[in-house]
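Remarks on the structure that follows.
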């Protein structure tokens, strides 16, 4: 399978959690373009979080192969893989171990035997990248939801990973926090050239991505750019996904079924 343009590739992957259970993923094949933002979307139980676990090696395929930088992932190279892929979960509090924001970001570096002098340089830069340097001495528990997510992302950036997986990272945020995090994702992708993978059921968030992978009941339903995927609006609705607000409003106000961003909708009305 040609994986040249993808940093991660799933090739006919099947997975089940227990031998007597049905497949959680069935013959799943797709690629994650390097340096882009890919959003993996689907309703609850579609297999999104299972894919995230497979990407970071928490689980391994029952059948098929997963490639990272054209190299098939196996037990021999799994530890190396984990140095290149970081994950931020829905509730970052479950990841916090430090008494302060700075100490929490430094924790992963310490586990990787990074010297104290290097940590003194890396931690402030990572916090600056997510606009949290002024909160370095705060207790993580005192932060807002959006700020906690930024600190969790800083911890991943400090490790100089190539891929950041955001597993439902915006689902517990208010609209302002969600908007700020999405803006940060765009900036990190452009300035740091990292590959972003967001796991979500929110198509309004997914519309911000460069590329989409749509799952339905453990299988790939559709892949492509948002413009192409959302033009199949009726199909997405049939598999239990709510179309982005801008598209729903365009249908109601303009009678249009074409993909349109929120900014584009405002201009038309």
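The count begins at 1 with the first shown residue.
Quick reminder: no glycine exception, Cβ is built from N, Cα and C everywhere.
Taken verbatim from Swiss-Prot:
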| type | residues | note |
| --- | --- | --- |
| BINDING | 42, 43, 44, 45, 46, 47, 48, 49 | ATP binding site |
| DOMAIN | 8-242 | domain 'ABC transporter' |
What other residues of the same chain, not counting 42, 43, 44, 45, 46, 47, 48, 49, have a CB atom within 8 A of the CB centroid of the ATP site?
50, 201, 215
Starting from the Cβ of residue 46 (ATP binding site), draw a 10 Å sphere and report how many other Cβ atoms land inside it.
24
Over the domain 'ABC transporter' (8-242), what does the predicted model average in pLDDT?
92
Among the binding-site residues 44, 49, whose Cβ has the fewest other Cβ atoms within 10 Å?
44
Taking all protein chains shown into account, the Cβ-based neighbour count within 10 Å for residue 42 (ATP binding site) is 25
Could you tell me which of these binding-site residues, 45, 47, has the greatest number of Cβ atoms within 10 Å of its own Cβ?
47
